[in-house]
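Enquirer: First the structure, which I've put down as structure tokens, then a few questions once you've had a look.
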Amino acid sequence: MAVSVQDLLDKIHFHVIYSTETALQKEITTSEIMRPGLEMAGYFDYFTPERIQLFGMKEWSYMMTVVGDNRYDLLKKVMAKETPVVIVARNLEIPSEMVAAAKKADIVLLQSREATSRLNSVLTSFLDERLAERTTVHGVLMDIFGVGVLIQGASGIGKSETGLELVKRGHRLVADDRVDVFQRDAFTLSGEPAEILRNMIEIRGVGIIDVMSLFGAGAVKDSTDIDMAIYLEYYDKEKAFDRLGNAPTIVEFSDVEVPQTRIPVKTGRNVSVIVEAAVMNFRAKQMGFDATKTFEDRLTDLISHNKESQ
């Protein structure tokens, strides 16, 4: 997967110094940013021209000490045809030789008012997300009480209906049916809808519903981190379900572990309310309040008290 320079401009604000239609369509294929410090000093042994070239104060100040044709010759090497875009941070002055080198190689030249380290971080974060490998999973992704929840289960069990009820209760839909999952960083999993299904939910017997049109912009969200998973399964009296909540299940998506709660579904159970309770319980545990542990401590105290009174 690649990101075009135009995609970068659409997302992050820059002052465009030089660009052409063909240069804007150049693809950025890596999230690694190059700060050409050694290259400005003439050392090109490990130069990677396919990366974004970012000029900060150090690179710029050295460049300004090089005069005449030497500066242009040096910039021609740094601004190679393979380079997708060159960015100058801190609103630093851009010399005419840099513009000339950009024109020669047909490279977009940008200027930013941001500090170099912050701009580097913003660029890396954006590119890591956009270039991450996507995995498609079946389910409904919701934002419930600020927690990203992936609802899964067998086909026809009522995932979309549960999602619709949760939207009516004030929560936000991210994706229905197909969820594109990607690893945002080493420990964070995120999900987003397929573009064709954005803001849509399918209810058997009703058809496709445009959630944004019916419930407003506050009922949908473009993407969310996946903090927990909920698996809906048909109730089976022969099967043992976790009744205390002290045996959490862990599922793995794209090498990231996510805690999962399994909820049995049968007639008369209000699944959306149970999902809300599961999410609130998850949040409480994240904040250090564990109802299961409290119950177990009370039970232990009661047993000890009964033994002492005998």
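Placed from the backbone N, Cα and C atoms, the Cβ positions cover glycine too.
These figures come from a predicted structure and were not determined experimentally.
Here's the feature list from Swiss-Prot:
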- His138: active site (ACT_SITE)
- Lys159: active site (ACT_SITE)
- Asp177: active site, proton acceptor (ACT_SITE)
- Arg243: active site (ACT_SITE)
- Gly153, Ala154, Ser155, Gly156, Ile157, Gly158, Lys159, Ser160: ATP binding site (BINDING)
- Ser160, Glu202: Mg(2+) binding site (BINDING)
- 264-269: region 'Important for the catalytic mechanism of dephosphorylation' (REGION)
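Relative to the rest of the structure, where do these features sit?
Expert: The Cβ neighbour count for His138 (active site), using a 10 Å radius and every protein chain shown, is 12. In the three-state DSSP scheme, His138 (active site) falls into the strand class.
Residue density at Lys159 (active site): 25 other Cβ atoms are found within 10 A of its Cβ, drawing on all protein chains shown.
Within 10 Å of the C-beta atom of Asp177 (active site, proton acceptor) sit 16 other C-beta atoms, taking all shown protein chains into account.
Reduced to three states, the DSSP call for Gly158 (ATP binding site) is coil. Cβ contacts within 10 Å of Gly158 (ATP binding site), excluding its own Cβ and spanning all protein chains shown: 19.
For the recorded site, Glu202 (Mg(2+) binding site), the DSSP three-state label reads strand. In sequence order, Ser160, Asp176, Asp177, Ile208, Ile209 make up the list of same-chain residues 6 or more apart from Glu202 (Mg(2+) binding site) whose Cβ falls under 8 Å from its Cβ.
When Cβ-Cβ distances below 8 Å are used as the criterion, the region 'Important for the catalytic mechanism of dephosphorylation' (264-269) is approached by residues 153, 157-158, 232-236, 239, 241 of the same chain, each at least six residues removed from its ends.
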Enquirer: Between the binding-site residues Ser155, Ser160, whose Cβ has more other Cβ atoms within 10 Å than any of the rest?
Expert: Ser160
Enquirer: On average, what pLDDT score does this prediction assign to the region 'Important for the catalytic mechanism of dephosphorylation' (264-269)?
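Expert: Over the region 'Important for the catalytic mechanism of dephosphorylation' (264-269), the predicted model scores a mean pLDDT of 85.
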Enquirer: Work through the binding-site residues one by one (Ala154, Ile157) and point out the residue whose CB has the fewest other CB atoms within 10 angstroms.
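Expert: Output over binding-site residues Ala154, Ile157: least Cβ neighbours within 10 Å is Ala154.
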Enquirer: What is the total of other Cβ atoms whose distance to the Cβ of Gly156 (ATP binding site) is within 10 Å?
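Expert: Other Cβ atoms within 10 Å of Gly156 (ATP binding site): 9.
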Enquirer: DSSP on Gly153 (ATP binding site), three-state: which is it?
Expert: strand
